[in-house]
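Structure first, then comments.
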Amino acid sequence: MLLYRSAAWFAKGLREYTKSGYESASKDFVPDDLEVQVPGRAFMVTGGNSGIGKATAMEIAKRGGTVHLVCRDHSRAEGAKAEIIRESGNQNIFLHIVDLSLPKSVWKFVENFKQEHTLNVLINNAGCMVNKRELTEDGLEKNFATNTLGVYVLTTALIPVLEKEHDPRVITVSSGGMLVQKLNTDDPQSERTAFDGTMVYAQNKRQQVVLTERWARAHPAIHFSCMHPGWVDTPGVRLSMPGFHARLGARLRSEAQGADTVLWLALAPAATAQPSGCFFQDRKPAPTHLPLARTSSSPAEEEKLIEILEELARRFK
């Protein structure tokens, strides 16, 4: 079944996830959707020092938004902050150094953040794909700790902050790779199965889709969404998937093309006309399962994921 899912996904990707797929989809975009200015609104972008995150932060800054960059690497983050200020002319760019794979650090960060700042939009962009099983200092598998638990803790902690503001939104940068994975709650940290970093990443992205749907039902005052940016030429892809990067080459999307739907979901009034909790691709809701792929999960399986995350979030608070 995994072989079928992977083949179907790759064929779909060649049609839709490439640069040519973006160019085709963009013919249906409403050009004025992103002709907005957002002074007075505050945006948090995790992983904002490179790739899609930096492209997103740059465009928000150019439109007058206050941007909070949440990054792990201080030196690279300082460089990104300086570049964004220089190119946008916007001084309201703040830098926060946080390792999202360490939930205690995330809880502490939010506790301090909410004492000084407001927030309208959270963009969960940061992620990692570690190809050999690696544990954090808390003993958690690093991909899961960053991509799933980190997103869960940060979003959960910030929901009360977001609910106080006008037009609050949460956008999570997922991946079309999640289409090859059924939600797995029996071994979420890959302790009992052969480790494949690409499949672990895809599983994390499936978990993000489930979380988005759950949050949307639980918190109707906030517009939640997740999205697939397409196959994008980013530093992360070059580092973690060198073979894939070499194979696709010039067919990969630019960082700006990858960031387009993130920006649309974060900025456009039209985005909140769509139901909360959806998965988006190129500014449109997209299916979360491939035909005949048997990747649907039961409510009990989804509840088990929440229970696992809640227990870990409490343990490391």
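Each residue, glycine too, has its Cβ placed from N, Cα and C.
Keep in mind the model is a prediction, meaning the values are calculated, not measured.
Around the Cβ of Tyr201 (active site, proton acceptor), 25 further Cβ atoms fall within 10 Å across all displayed protein chains. Per Swiss-Prot, the feature active site, proton acceptor maps to Tyr201.
Under the heading NAD(+) binding site, Swiss-Prot lists Ser50, Ile52, Tyr201, Lys205, Thr234.
According to DSSP, Ser175 (substrate binding site) is assigned to coil rather than to any helix or strand. Swiss-Prot lists Ser175 with the feature substrate binding site, giving similarity to another entry as the kind of evidence.
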(request) Please give the greatest C-alpha separation between any two of the NAD(+)-binding residues Ser50, Ile52, Tyr201, Lys205, Thr234, in angstrom, as a whole number. (result) 20
(message) For the C-alpha pair, I'd like the distance in angstrom between Tyr201 (active site, proton acceptor) and Thr234 (NAD(+) binding site), rounded off.
(response) 16
(request) For Ile52 (NAD(+) binding site) and Ser175 (substrate binding site), determine the Cα separation and express it in whole Å. (result) 13
(request) Find, for the listed binding-site residues Ser50, Ser175, the residue with the lowest Cβ contact count at a 10 Å cut-off, counting only other Cβ atoms. (result) Ser50
(request) Give the residue from the binding-site residues Ile52, Lys205, Thr234 that has the most other Cβ atoms within 10 Å of its Cβ, counting over every protein chain displayed. (result) Ile52
(request) Would you mind reading off the Cα separation of Lys205 (NAD(+) binding site) from Ser175 (substrate binding site), to the nearest angstrom? (result) 6
